[in-house]
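Noted in TrEMBL for the protein shown:
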| type | residues | note |
| --- | --- | --- |
| BINDING | Tyr290, 303-307, 343-350, 440-442 | FAD binding site |
| DOMAIN | 50-195 | domain 'Photolyase/cryptochrome alpha/beta' |
| SITE | Trp374 | site 'Electron transfer via tryptophanyl radical' |
| SITE | Trp427 | site 'Electron transfer via tryptophanyl radical' |
| SITE | Trp450 | site 'Electron transfer via tryptophanyl radical' |
Amino acid sequence: MGSSLKSVPKPLSSSSVFQVPGLDSHEIDSIAEKTFERYSVKTANRNGKGIAIVWFRNDLRVLDNEALFKAWVSSETVLPVFCVDPRLFGTTYCFGFPKTGALRAQFLIECLDDLRKNLQKRSLNLLIQHGKPEEILPALAKDFGAHTVYAQKETCSEELQVERMVNKGLQQVALSPSTNAMNNPKLQLLWGSTMYHMDDLPFSINSLPDVYTQFRKSVEAKCKIRGCIKIPESLGPPPSIDDWGNVPSVEQLGLHSEKASKGMRFSGGESAALSRVTEYFWNKDLLGIYKETRNGMLGPDYSTKFSPWLASGSLSPRFIHEEVKRYERERQANDSTYWVLFELIWRDYFRFLSIKYGSSLFHLGGPRNLQHKWSQDQRLFESWRNGCTGYPLIDANMKELSTTGFMSNRGRQIVCSFLVRDMGIDWRMGAEWFETCLLDYDPCSNYGNWTYGAGVGNDPREDRYFSIPKQAQTYDPEGEFVAYWLPQLQTLPKEKRNFPGESYMEQVVPLKFGNTSLHLNRQASASRQANFGRRQQMTDKR
Ligand SMILES: Cc1cc2nc3c(=O)[nH]c(=O)nc-3n(C[C@H](O)[C@H](O)[C@H](O)COP(=O)(O)OP(=O)(O)OC[C@H]3O[C@@H](n4cnc5c(N)ncnc54)[C@H](O)[C@@H]3O)c2cc1C
Ligand SMILES: Nc1ncnc2c1ncn2[C@@H]1O[C@H](COP(=O)(O)OP(=O)(O)OP(=O)(O)O)[C@@H](O)[C@H]1O
């Protein structure tokens with residue numbers, strides 16, 4: 001990587017906001033319309049009876065949604081439901097941060113608006129109810145006499161617990177004396193979140209390789225990525241419902257509305273997701289240089305920015321795969337076009353790891369159950385969280401996170417390493433703060449990457465130290481990124497912006513391996529490696 005970082009257009013002014021995708025609402029509607037047309041079928045075999053419910057979770061899309069398609073095939077009427085679960089707006093497990101920050105709540109609201117609109121175009125609607133799925137779904141199944149509730153399968157314990165309770169609630173419907181003898185509703189969970197289908201893996205989940213490369217090579221050699229599920233032009237008729245419920249406002253979710261005042265502002269929803277794919281692959285033709293730009297930090301175009309839509313399920317990874325293949329046929333195939341799939345396989349891998357390792361992904365010792373003395377020093381943690389550590393590269397990244405709900409992959413690795421290695425802070429504090437803020441929060445990718453960053457993940461080789469001076473020199477050599485987020489650095493000469501000395505703020509901790517020159521870092525590192533109780537590498541590759 002290093003100096004070969006190719007650049008893409010970057011923000012010019014430090015107060016500009018970049019809408020992602022950067023298209024107006026007419027263009028977005030038109031791209032969504034055309035994509036839906038390509039993925040629509042005029043007729044499909046519908047042979048079911050009665051009513052089926054679709055319980056939308058993290059699959060807020062119409063295209064390539066197996067739960068929606070199966071519900072349609074197996075019924076005469078589909079009832080699509082989203083439950084605004086109050087637990088999602090509570091607090092994180094250990095440290096009591098908001099479970100969903102205002103920026104992600106806003107993104108979710110836009111996803112729901114768009115999902116409703118796209119269902120309405122296909123003669124359906126979205127019922128929005130406030131409350132717990134285990135209370136809402138059995139009540140609806142009973143009232144409508146539904147035979148099945150279809151939903152996308154999740155893998156982490158909080159979601160699994162809800163699945164169990166919904167299942168139990170549905171069983172009780174069948175036992176209730178007032179229930180029609182025919183009404184015995186079932187919960188049918190379908191796999192849908194990954195690019196490679198779980199049923200197609202060449203090994204059982206318990207035998208999932210602990211080394212990513214082994215996993216990747218094996219699935220690439222032995223599995224085929226399934227095609228997207230096409231959608232019937234009409235999903236109607238809709239059930240007869242007087243009040244379909246309103247999409248909530250941020251305030252109704254108990255949060256204060258926030259909008260990114262600078263940096264990127266993402267538009268939620270499937271239409272925006274499909275438009276971002278078109279913008280990045282086709283309009284701007286950036287897919288062909290992705291591998292050379294992906295380690296950037298500034299602006300919307302150094303990487304795909306698909307993650308917020310993938311996390312909410314507004315975008316199917318199989319759709320991205322089909323678009324990559326189409327681009328390779330129609331434009332060019334090179335390392336960059338492959339590399340987007342390579343990264344999506346990382347995403348799949350973390351999802352499958354969450355099944356193999358269960359709750360240990362969230363525990364301090366991680367999947368390897370390593371014991372290490374961690375600090376929970378509040379002052380240090382807050383300086384990290386608020387972007388006041390005295391290290392511009394850390395502070396700029398943390399300000400981007402709280403202002404926009406996004407941070408580059410490079411930034412995430414650097415701030416994670418700093419919190420864990422240089423500050424020695426309990427990694428779960430960082431992971432929970434990410435859980436609050438990230439638009440793309442996904443328990444598997446978030447906690448999976450944090451356990452790797454903290455050196456407690458399943459693969460001991462993913463145990464890395466990121467040297468801030470080296471990262472700054474390599475990935476922000478002219479200090480453009482730090483000056484964008486920390487305008488007080490703009491007047492400094494470019495080479496000083498990441499190393500401002502006393503003209504910036506005091507550094508809250510010294511770096512574990514020194515912070516003056518790379519040469520010194522390497523010398524110092526040799527003598528201090530033992531501190532962490534295991535081997536740490538001065539490598540940047542990922
Ligand atoms: C500490 C830490 C926490 C993270 N938390 C999350 C999270 O909660 N949700 C999330 O989606 N990603 C997370 N990531 C992974 C990665 O940083 C983001 O997926 C990526 O920055 C999103 O930007 P992009 O869509 O432009 O990515 P691109 O570079 O364009 O990559 C394309 C897609 O590949 C996937 N991908 C890329 N890198 C990774 C990775 N390391 N792990 C898993 N999937 C990857 C994402 O789905 C991404 O959208 C985390 C990484 C770190 C180091
Ligand atoms: N989707 C999720 N997002 C965030 N955290 C999650 C998610 N799913 C599970 N967790 C976390 O996983 C952890 C383990 O949950 P679980 O109730 O299974 O714990 P456990 O194995 O009994 O652990 P313990 O005894 O330490 O509480 C909790 O911290 C829980 O909040």
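Using N, Cα and C of the backbone, Cβ positions are placed for all residues, glycine too.
What you are looking at is a predicted structure, and each value in this text was computed from that prediction instead of being measured.
Shown on the structure are the features that TrEMBL records.
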{"residue": "Tyr290", "record": "FAD binding site", "Cβ neighbours (10 Å)": "25"}
{"residue": "Lys305", "record": "FAD binding site", "Cβ neighbours (10 Å)": "21"}
{"residue": "Glu343", "record": "FAD binding site", "Cβ neighbours (10 Å)": "16"}
{"residue": "Trp346", "record": "FAD binding site", "Cβ neighbours (10 Å)": "17"}
{"residue": "Tyr349", "record": "FAD binding site", "Cβ neighbours (10 Å)": "21"}
{"residue": "Trp374", "record": "site 'Electron transfer via tryptophanyl radical'", "Cβ neighbours (10 Å)": "16"}
{"residue": "Trp427", "record": "site 'Electron transfer via tryptophanyl radical'", "Cβ neighbours (10 Å)": "22"}
{"residue": "Tyr441", "record": "FAD binding site", "Cβ neighbours (10 Å)": "20"}
{"residue": "Trp450", "record": "site 'Electron transfer via tryptophanyl radical'", "Cβ neighbours (10 Å)": "25"}
Item to complete: May I ask which of the recorded positions Tyr290, Glu343, Trp374, Trp427, Tyr441 is closest to Trp450 (site 'Electron transfer via tryptophanyl radical') if we compare their C-alpha atoms?
Response: Trp427
Response to the item:
By a three-class reduction of DSSP, Glu343 (FAD binding site) is assigned helix
Discussion item. Suppose we screen the recorded positions Tyr290, Tyr349, Trp374, Trp427 by Cβ distance to ligand 1 with a cut-off under 6 Å; which survive, in sequence order?
Written reply: none
Worksheet item: Using DSSP, would you call Trp427 (site 'Electron transfer via tryptophanyl radical') helix, strand or coil?
Response: helix
Response to the item:
Per DSSP (helix/strand/coil reduction), Tyr441 (FAD binding site) sits in coil
Worksheet item: Compared by Cα position, which of the recorded positions Tyr290, Lys305, Tyr349, Trp374, Tyr441 is the closest one to Trp427 (site 'Electron transfer via tryptophanyl radical')?
Response: Trp374
Practice prompt. Count up the helix, strand and coil residues in the domain 'Photolyase/cryptochrome alpha/beta' (50-195) according to DSSP, in that order.
Written response: 62 helix, 30 strand, 54 coil
Practice prompt. Sorry to bug you, but what's the C-alpha spacing from Trp374 (site 'Electron transfer via tryptophanyl radical') to Trp346 (FAD binding site), rounded to the closest Å?
Written response: 28
Item to complete: Provide, as an integer number of angstrom, the distance between the C-alpha atoms of Tyr441 (FAD binding site) and Trp374 (site 'Electron transfer via tryptophanyl radical').
Response: 24
